[in-house]
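Here is the structure we will look at, set down as structure tokens.
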Amino acid sequence: MYGPLIHFIKAIDRIPTRFNVSIMLFMACLISYMLRVNMSVNILAMVQPIQSNIKQSAPLDHNNISDGTTNQTMIENSKYGPRYNWSSHDQSIILGAYFYGYLISSLPAGIFAERFGGRNMVGLSLAFSALLTALTPLAADNGMWATIANRVALGILGGFLYPALHNLISKWAPPDEKGKFVSALMGGTFGTVITWPLVGVLIETLGWSFAFYIPAVISAIVAVLWYIIVADSPSTHPRIKAEEKDYIEKSLGDTISKSKLLPPIASLATSPPFLALLVLHFGNLWGLYFLITAAPKFMSEVLGFKLAKAGFLAALPYLARSLAAFLFGTVGDLLRKKSIMSVTAIRKSFCLFSHIIPGLFLVGLIYIGFDPYVCVAIITLSLGFNGASTMTNLQNSQDLAPNFAGTLYGIINFVGTSSGFISPILVAHFTVQQSTMEEWQYVFMIGAAAYIVPALIFIVFGSGQVQKWNEPKQTQANGEFQHT
């Protein structure tokens with residue numbers, strides 16, 4: 001019975017353990033985004049679409065027009081499954097609900113990971129997220145607020161994931177390989193690449209309920225693999241080879257403390273490099289979450305693509321981001337290994353690719369994006385260049401304080417996640433009457449500013465050096481904390 005499992009474990013043990021861990025980091029992010037973004041496409045089949053040219057005098061179309069209420073009544077059964085009477089505002093709340101939950105847990109998640117270890121936090125998050133996703137169709141049948149509650153709970157579980165992963169990276173990644181490890185976090189982007197086309201096909205063939213069931217099953221499988229392969233650190237892994245364990249621990253040196261430390265909150269609040277990172281991460285997540293929640297809607301309602309094609313085309317930018325992330329991560333690691341540029345210079349110069357160029361592409365979209373495929377190409381290039389964030393905001397918490405990498409990422413994610421529920425509300429505000437390029441140009445201009453301004457702030461105030469508050473110690477004389 002256990003024979004295939006034993007053979008599988010022996011096979012993966014022939015590969016360097018840290019490589020297996022990095023693959024599981026990638027898979028954890030992939031699953032997290034699969035369960036996060038599937039609603040962006042699914043909801044298009046769960047409600048009546050907003051047409052860009054509806055007039056008040058238009059005749060009613062066999063229950064396709066809402067009765068004017070905003071309750072959770074099911075208004076018809078389509079070939080995709082039940083459709084619900086959720087207004088544009090209702091839909092924006094449902095799409096943003098995940099991020100409300102994400103916001104709640106992302107702040108303490110890093111502290112929990114540093115105190116209790118990242119392995120269990122990630123594994124339990126994946127397992128319970130699978131369960132909640134499988135229950136989403138049942139929640140929808142019980143109304144809009146049950147659906148919102150389901151998404152909030154899913155977001156709470158998801159909020160624990162990335163700070164815990166950063167905690168694991170700080171213990172598993174040698175400095176010269178850190179760019180590749182952080183690039184593994186782009187598994188989330190690849191999750192979007194897979195999910196949107198997958199759920200588009202599932203909706204059109206099996207109905208939207210299966211676009212929740214199948215991702216839930218995949219998540220459960222990955223949760224089992226996670227517990228087989230991953231440990232909190234090289235020293236606690238049961239099957240790592242001694243030479244690899246020694247190599248990782250020696251390469252990390254004394255930047256990682258073996259004691260449990262309390263995060264230096266006062267120092268963080270007054271640290272210009274950390275505050276610059278906070279702003280930079282917010283700008284990155286604005287662009288990312290805006291496209292996660294709004295791209296399928298834009299491509300379906302404005303560009304006129306059908307669901308399956310809209311899902312596929314909306315995923316192209318994320319494929320570009322995944323591929324670019326590994327390219328930029330490899331180049332950045334090479335620059336660091338050969339000491340061609342300082343860490344600070346790498347972080348600041350790569351902001352040109354991760355933030356400034358993507359912002360300029362969004363500006364260009366306003367003026368030249370009249371052809372549907374030109375729009376897709378520009379959005380793809382914008383998010384593709386943002387893959388360089390593996391060398392800027394996604395890695396900088398590891399630079400500033402390896403001891404508190406999870407806590408730092410939790411804080412910046414807490415602030416940055418607010419963009420996840422602000423942007424759907426913003427889109428709903430501009431498209432409440434109709435959804436055309438004229439309304440969307442304001443959304444794109446705001447997104448461009450959210451990319452470019454934070455990059456300029458980071459270039460002035462950011463740093464790639466370990467900060468003195470990475471190792472707070474208590475003096476024996478006065479019992480007060482000092483920074484070394």
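A Cβ is built for glycine as well, from the same backbone N, Cα and C atoms used for every other residue.
Annotation source TrEMBL lists transmembrane segment at 21-39, 93-113, 120-140, 152-169, 181-203, 209-230, 274-295, 307-329, 350-370, 406-430, 442-461. According to TrEMBL, the domain 'Major facilitator superfamily (MFS) profile' annotation covers 24-466.
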**Request:** Select the range from 21-39, 120-140, 209-230 that forms the most Cβ-Cβ pairs under 8 Å with the transmembrane segment (152-169).
**Result:** 120-140
**Request:** Taking the transmembrane segment (209-230) as the first stretch and the transmembrane segment (93-113) as the second, find out whether 3 or more Cβ pairs fall under 8 Å, excluding pairs closer than 6 in sequence.
**Result:** no
**Asked** Excluding the flanking five residues on each side, which residues at least 6 beyond the ends of the transmembrane segment (442-461) place their CB within less than 8 Å of a CB in that stretch?
**Response** 272-273, 275-277, 279-280, 282-284, 286-287, 290, 294, 347-348, 351-352, 354-356, 358-360, 362-363, 365-366, 386, 392-393, 419, 423, 426-427, 430
**Contact call for the transmembrane segment (274-295) against the transmembrane segment (120-140), three or more Cβ pairs under 8 Å** = no
**Asked** Would you call the transmembrane segment (120-140) and the transmembrane segment (406-430) in contact, using three or more Cβ pairs under 8 Å, pairs 6 or more apart in sequence?
**Response** no
**Fill in**
Near the transmembrane segment (406-430) in space but 6 or more residues beyond its ends, with Cβ under 8 Å, are 88-89, 91-93, 95-100, 102-103, 106-111, 113-114, 118, 159, 162-164, 166-167, 170, 263, 268, 274, 277-278, 281-282, 284-286, 289-290, 292-294, 297, 393, 397, 400, 439-440, 442-443, 446, 450
**Prompt:** the transmembrane segment (93-113): which same-chain residues, six or more beyond its ends, come within Cβ distance under 8 Å?
**Reply:** 36, 39-40, 43, 86, 121, 144, 147-149, 151-164, 166-168, 263, 289, 293, 404-411, 413-414, 417-418, 420-422, 424-425
**Asked** Over the domain 'Major facilitator superfamily (MFS) profile' (24-466), what does the predicted model average in pLDDT?
**Response** 84
